[in-house]
Amino acid sequence: MSRSTVGVHPECFTRVELCAVLYVVAPIFLFLPFWIAQPLGFITAAVMLFVSFWYLKGVDIRRAVLPLGSLVTVLVLSLLWTGLSGAGHFFYANGFDWIPRFAVAHDLAVYEWPISYGNGTTEYLMRVPLGFYLIPAAIARHVGIDYLDILLYFWTALGVTLFFLVAFSGYSWKRLAAASMVFILASGLDIVGYMTRSMLWPRLGEHIEWWVPYLEYPSNTTQLFWAPNHSLGAWIATALLVRFGSNCLVLFRIIPLMLPALFLWSPLSAMGVAILWIGLVLINCRSQVRLSDFFRALPLILPMLVVAIYLTAGMSHVPLPHNSQSHSIVRGFDSQTMQFIALEAAIPALAILMWQRSSVVFISFVTLLALPFFQFGGANDLVLRTSIPALTIIGLGFASFMTQWQSTAVGKGRWVVMVAIWSLGSVTAINEIARAVFMPRWEPHLTLNLPDAFSRINPSEPFPPHYFVSIQPKTVLISIVATPVKVRHLMCANLKPLGVYSGAFPSLGHPVGWQP
């Protein structure tokens, strides 16, 4: 895979890659000094800053060669894809996810940090992976809440742009456009699984990825349209792993530097990045690992530990999937799981491995084989988020292969097979895009805070445990977090629960979208 996805100078770390790293790492420098109690917060931020300069100083960073045509192509595609995602509310936004996500950004832009909420009896701390939100929310604090939506849009588009520039470095603008479109539409064979259960073709705009109720490997478009906060950091880190998977200097310095920040973006998708990183180090750089590399990484333990304490507090209260038959984090063996693995992981990954025997694809394949046997979170978030880096590898593999159709190394037969698999998978992304285009757009709620947002989704649970943690009794988390500024949460009498869009899964009970 490296011969196809890597640019002309795969060992050259350019300013584009540096900007991508800074995009991921920058939010942690807002989190540590403003959310963590002093002096621990400033000390941890200083350690992170020192390590950043120390690590980057040892990497040869060169000027990027970026043709104007390639830059314009990436910008147009990124702005359009991001606009369709719901960011900016130019098109329909999936309300079930975007209403609470926008509420997180709203509260960060309006209230003092760290934020806690009181309901009259209990006080709850906002305990959310904040990496996606902090930069646009911090800017909105100074320019006004009315600009928050457009700031989220441009912040998301910037992440998509940097991902495409890193992933498809060295491509001509035509191949870059084609590869980006292949990636945007890439997915597993959801349509096959859906039709084997329903025996019907899905309605235009229907969300078809929950054909096994407790498992989903989201398409790339689904990831952006529903959970950019979980996907963007993981996409960029994964693209760097693909580009520099055999560059031990980058593996020893850049990825470890990004990991504390990646966990602040999304702890579960960061776990997926860590799996790929450890696998590549063991396969490609095992003989070059020195004791000094471990000593160099020691300072990163402090920011990693602080972020981990913040994000894992109260996790024991997070439920298992609502519709799971198992009461353990480890799931059993059943025919649905095997069908899911075959259609969502085995067929796409093996198709790429038949063309290019790549260690990073193999690690991704093994990861995707193993994840369905575990569960955690109401929507089995463990599978949803931890799979993101591995699914990104599969998407990049299709993008690389299908834009080399004239190459003698590809072969006409293999190319036809890959196009057939990709075409079937693209139905998933096309449905997501169709929903964004054909369902009515709605304006963001500029006065709705996070508990109120959840009250509209589920009036009986305004403080779900995956977003909040009680600050009584005093725990390790509360001892390291700065004194929270409490926001009084008063259930508004005129808040009505969200209605479910009529085009739902009649057999599975999962909505296509939610109307605010």
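Here the Cβ of each residue, glycine as well, is placed from N, Cα and C on the backbone.
Summarising the annotation, TrEMBL assigns transmembrane segment to 12-30, 36-56, 68-92, 150-171, 177-195, 261-285, 297-318, 338-355, 360-376, 382-403, 415-438.
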Long-range neighbours of the transmembrane segment (338-355), counting only residues six or more past its ends (CB under 8 A): 1, 188-190, 192-193, 196, 212, 215, 217, 361-362, 364-365, 368-369, 372, 394, 397-398, 401, 410, 414, 417-418, 421, 425
Contact call for the transmembrane segment (382-403) and the transmembrane segment (261-285): at least 3 Cβ pairs under 8 Å, seq gap 6+: yes
Interface-richest range of 12-30, 150-171, 177-195 toward the transmembrane segment (261-285), CB pairs under 8 Å: 12-30
Contact between the transmembrane segment (12-30) and the transmembrane segment (150-171) (3 or more Cβ pairs under 8 Å, separation 6+): yes
Same-chain residues at least 6 beyond the ends of the transmembrane segment (297-318) whose Cβ lies under 8 Å from its Cβ atoms: 28, 31-32, 35-36, 40, 43-45, 47-48, 50-51, 125, 127, 129, 256-257, 259-260, 263-264, 267, 376-378, 465-466, 468-470, 475-477, 480-481
Long-range environment of the transmembrane segment (150-171) - Cβ separation under 8 angstroms, sequence gap at least 6: 5-9, 14, 16-17, 19-20, 23, 66, 70-71, 74-75, 77-79, 81-83, 85, 87-88, 90, 102, 105, 132, 135-137, 139-140, 143, 179-180, 183, 224, 228, 232-233, 235-236, 239-240, 242-243, 396, 399, 403
